[in-house]
Amino acid sequence: MSTEAETTSAAAPAPAPAPASAPARCQRIGCDATFTDDNNPDGSCQYHPSGPMFHDGMKQWSCCKQKSHDFSLFLAIPGCKTGKHTTEKPITKAVPTKPSKAVPVQTSKQSVGADTCSRCRQGFFCSDHGSQPKAQIPTATSDTNMVPVEKPAVPPPKKKIDLNEPRVCKNKGCGKTYKEKDNHDEACDYHPGPAVFRDRIRGWKCCDIHVKEFDEFMEIPPCTKGWHNADAA
């Protein structure tokens with residue numbers, strides 16, 4: 001009887017807590033944040049729903065038309081759409097660039113004016129426009145009384161930096177947040193060379209790695225270590 005009473009009075013073991021989901025990195029373009037399934041509310045992800053366009057040195061997001069010549073500033077353009085984080089890579093289609101309109105070339109001699117005719121401009125006789133005297137180009141006369149005064153160069157004011165202030169590194173391929181007190185000569189992993197976009201090929205000139213897809217380009221690891229720089233050009 002005492003054994004049955006002890007068994008009845010014993011407390012049941014508490015259920016084991018559910019294992020926490022491992023953090024994952026969002027694969028949406030322009031986000032790159034880490035998240036868990038337990039902490040992924042709607043609106044927590046800010047991203048670009050469509051891919052970039054590259055034409056004549058200009059970088060532009062096809063979804064929101066935001067553009068920049070500088071690649072670091074282009075990547076810093078915030079996403080134009082919000083939603084939930086995801087680990088699925090988006091399928092981006094290459095956006096064709098608009099071909100430049102060809103300017104028709106005038107081949108008829110009758111359409112060429114005397115001011116653009118090569119023979120008239122050189123002072124030779126031209127059967128289409130008659131004899132045209134060569135235009136006299138006025139020569140600029142220097143005024144000896146006008147002496148240019150050189151203004152002394154004003155040095156830029158020195159910027160005061162708080163060692164504990166969070167700053168964002170603008171080195172290409174980094175983009176991390178850091179504090180100046182933790183900065184050192186191996187704190188930053190970045191690409192020193194410019195990005196190369198040519199014939200649908202994307203890559204870095206510094207490490208000579210080139211790929212076709214923009215997602216693969218963003219995953220090229222940096223090739224150089226150095227100091228974080230929040231004022232990089």
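Cβ from N, Cα, C; glycine included.
Going through Cys45, Cys64 against Swiss-Prot, the one listed in the Zn(2+) 1 site together with Cys26, Cys31, His85 turns out to be Cys45. As stated in Swiss-Prot, the feature motif 'CCCH' covers range 117-137 out of the listed 117-137, 138-158. Put simply, of the binding-site residues Cys26, Cys31, Cys45, His85, Cys188, the one whose Cα is nearest the Cα of Cys223 (Zn(2+) 4 binding site) is Cys188. Confidence for the domain 'CHORD 1' (26-85), expressed as mean pLDDT, is 87. For His85 (Zn(2+) 1 binding site), other Cβ atoms within 10 Å of its Cβ number 21. For the Zn(2+) 1 site, the Cβ centre of Cys26, Cys31, Cys45, His85 serves as reference, and the other residues of the chain with Cβ at most 8 Å from it are Gln27, Arg28, Asp32, Ala33, Phe35, Ser44, Gln46, Tyr47, Gly83, Lys84, Thr86.
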